[in-house]
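**Q** Grabbed the feature section from Swiss-Prot, which reads as follows:
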REGION    1-43  region 'Disordered'
COMPBIAS  8-22  compositional bias 'Polar residues'
COMPBIAS  23-33  compositional bias 'Basic and acidic residues'
COMPBIAS  34-43  compositional bias 'Polar residues'
REGION    207-279  region 'Disordered'
COMPBIAS  209-219  compositional bias 'Basic residues'
COMPBIAS  254-279  compositional bias 'Basic residues'
Amino acid sequence: MGIKKYKPTTNGRRNMTASDFSEITKTKPEKSLLDSQSHTAGRNSYGHITVRHRGGGHKQQYRLVDFKRIKDEVPATVKAIEYDPNRTANIALLVYADGVKSYILAPKGLEVGMQVQSGAEADIKVGNALPLTNIPVGTVIHNIELKPGKGGQLARSAGTSAQLLGKEGKYAIVRLSSGEVRLVLLTSRATIGTVGNEQHELINSGKAGRTRWQGKRPTVRGSVMNPNDHPHGGGEGKAPIGHPSPMSPWGKKTLGKKTRNKKARSNKLIVRGRRPGKH
């Protein structure tokens, strides 16, 4: 998918880029695969902000995407490539041989009219989903399950992929796009290929309003807040933060502070961390 550049007719158009949607073949979504969703603006059931910088945005309908791919040995034909406002990747509309319709993440190279299949006996080609034990070493994969049957959780964003490096005992060794190498059960499923719409990272919003349409609110620096709002706040003019280390809004040291649980059970499944030289 290409990138469309705009002429600087206004300040908001200057440097603005957008997808040209050349891969999209159907503009209206499949009604049977839609669900409503409510926006909570980052609040929990008590009304407290649990995720900052969220709120507003355009109304959207959720597309029911199949991340499990458990309809085995039934071939499906790609009927359309569609836009999904809820994710960076495009989605593909499948129609199975028995008439059932489904959405999946659209991998790079998948086109209308192609056939895909899932199951242990499926061919090693783009869009097919198989258990890791049936995928050859060196294959590029995406939509990887962490728990068999739960559905894909890794490598789902636009342009991302992982590579199967090897198999050891009951585990597969997988290298993620972040550089992390981890073990995944061989009974977990993955889809062949790279997630499509890889040009997404080159898109420039151009103006703040376009970001607000996505439901993202401004991120304000702590140094320009009042001292009762942030540890960095207060002072006369541009004042230093007044602490030996940068702090979070809740008074915790934040620069380089590890937030992952040191006792997490999944630590033993990480062979190499995503940061060079760190485990």
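Each residue, glycine too, has its Cβ placed from N, Cα and C.
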**Q** List, by number or range, the same-chain residues at least 6 past the compositional bias 'Basic and acidic residues' (23-33) whose CB is under 8 A from its CB atoms?
**A** 1, 61, 63-64, 79-83, 90, 93, 101-103, 106, 112, 196-197
**Q** Can you name the far-off residues of the same chain, 6+ from the ends of the compositional bias 'Basic residues' (209-219), with a Cβ under 8 Å from a Cβ of it?
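**A** Same-chain residues near the compositional bias 'Basic residues' (209-219) but 6 or more away: 12, 16, 39, 52-58.
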